[in-house]
């Protein structure tokens, strides 16, 4: 059977469910896919289809994630749900699923729990921009005042982690009762079941509150250099994949990282042996540069729109250290450890100055499997920005993965 063509009729948004274990994330994901299928947008998935998440490998780390897709009237969504807590942590740090927004699931019967807070903190640190709350298990709360208290507590918790707690929409409901109703009648329409209506309401809220993200083509141009060669009589060509934005022949760009930043002009663009006038995000392209010698440019530098990115040596990051079973280290390490930081296309040696645990306590020793904050100083400046992902490597193998939380220097 021929594959269906993916048609881009609606804007695409990446979303995920986050929250404490057993508060109903996977049940909600199943209820959403079935409710949207009932409205005519996609194919419903049952709980078991989502819960048996396939393993994915991202930067050498195995993560169980389930991706489902569905459509609302306004958008096409790709939705990620991770079964295990450790998978969430790894997923968010490695960016296996970069979320444009998240649905935070909180049980109305229990209120915010430790992992609720951990996921909110993580969402903040890895740059999930917007959150909508689903207050689940409403059917288990007899007292309306109790539900209001839980709602206040959720808003307060969000405020503590610098999300706009007062503005964030909170939709109460019961994922389980909605899912049961949808399983009995997969073609249910709005107005037939109050619990299913709450799922429709949740998705209308997500449509309205989570903005359509700026796509990579609209951002300032950036391409990490993968290879460099010279063409006699024409000059130097840098090849790589355009990470974001677009570039045209004749435009001025900067070469950033590893050495002094230099400015040059794009004199030609080539892809698959054909010349282009313009290259956009996602293209694998050769960029011909005016007045640049082959020795002036190397793998690990980036070509970028002037002023859009600067080289740095010091940053803080949120990092997950692989366990022995995941192919990571067998032994702990200490402050002063000097691994390689693999950023975009190159390894740069860096020294880990300090560590802090997740609850912000200073610590001296880091064990495989830990999640920590660290401050790093690289021996060479490279183009770094907040929210950028990297791998930590030692002797060619990945021992950790991280995301830049802040630039220090």
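The backbone N, Cα and C atoms fix where each Cβ goes, and this holds for glycine too.
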Which range of 19-26, 27-34, 35-42 is region 'G1', per Swiss-Prot: 19-26
45-49, 50-54, 55-59, 60-64 - the one Swiss-Prot records as region 'G2': 60-64
Segment assigned the feature region 'G3' in Swiss-Prot (from 81-84, 85-88, 89-92, 93-96): 81-84
Region 'G4' according to Swiss-Prot, located in which of 136-139, 140-143, 144-147: 136-139
DSSP three-state assignment for residue 82 (GTP binding site): coil
Among 25, 85 [binding-site residues], residue with fewest other Cβ within 10 Å: 85
DSSP-derived class (H/G/I helix, E/B strand, else coil) of residue 138 (GTP binding site): helix
Of the binding-site residues listed as 19, 82, 85, 138, the one whose CA lies nearest the CA of residue 26 (Mg(2+) binding site): 82
Those binding-site residues listed as 22, 138, and which of them has the most Cβ atoms within 10 Å of its own Cβ: 138
Helix-strand-coil residue split for the region 'G1' (19-26), DSSP-based: 2 helix, 1 strand, 5 coil
Model confidence over the region 'G4' (136-139), averaged pLDDT: 96
